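Student: Below are the features listed in TrEMBL for this protein:
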type	residues	note
DOMAIN	3-83	domain 'GST N-terminal'
DOMAIN	85-208	domain 'GST C-terminal'
Amino acid sequence: MAARPKLHYPNGRGRMESVRWVLAAAGVEFDEEFLETKEQLHKLQDGNHLLFQQVPMVEIDGMKLVQTRSILHYIADKHNLFGKDLKERTLIDMYVEGTLDLLELLIMHPFLKPDDQQKEVVNMAQKAIIRYFPVFEKILRGHGQNFLVGNQLSLADVILLQTILALEEKIPNILSAFPFLQEYTVKLSNIPTIKRFLEPGSKKKPPPDEIYVRTVYNIFKP
């Protein structure tokens, strides 16, 4: 029996949360080894476990994968979440890249100065409502299907749902002008594997707090 994937990252969302999401959506059980000190990071670096000296890192199928997008692609491809042909994979990749640009704003938000955090919430809302959500609303309205690509769950759906739900934590009415995305979010959230991940007690991480921010600074500060 193959070993379960092991995720190496601090105990919080960051760039590893998307990896948790796609593993959970695929129904894959995984283990986590949380980084809590700079010494733990140095041990991974000195042991040649991190190709570019940084995390996220996922041990899976005898490999030590780094670079978030490469990790996501591998897991999605392995578990049939990356389309049926080159055209579908390209569409999925394009949608994922766009959504990750928006998600990056959420990832960096807790590390901003307090005075800048509320301004950034306004900026995130504007970008979501003006640039990103209209694209996905049009796609869903145009083909009338439950998923973004190929009428089956893909990496693009998983990352978009992750981003929508994270934004709703800060801006509860963020989807008020997007009825197709509202319906889409409800349907995806009720897929059994995703529904389990959204329930209390799962490995889904809570919104970043001061303890997480302080831990990250202590691990990664020069």
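In case you wondered, yes, glycine gets a Cβ from its N, Cα and C as well.
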Student: For the domain 'GST C-terminal' (85-208), DSSP counts of helix, strand and coil?
Tutor: 90 helix, 0 strand, 34 coil
Student: Summarise the domain 'GST N-terminal' (3-83) as counts of helix, strand and coil residues per DSSP.
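Tutor: Taking each residue of the domain 'GST N-terminal' (3-83) in turn, the totals are 32 helix, 16 strand, 33 coil.
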Student: Averaged over the domain 'GST N-terminal' (3-83), what pLDDT does the prediction give?
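Tutor: Summarising the domain 'GST N-terminal' (3-83) by its mean pLDDT gives 94.
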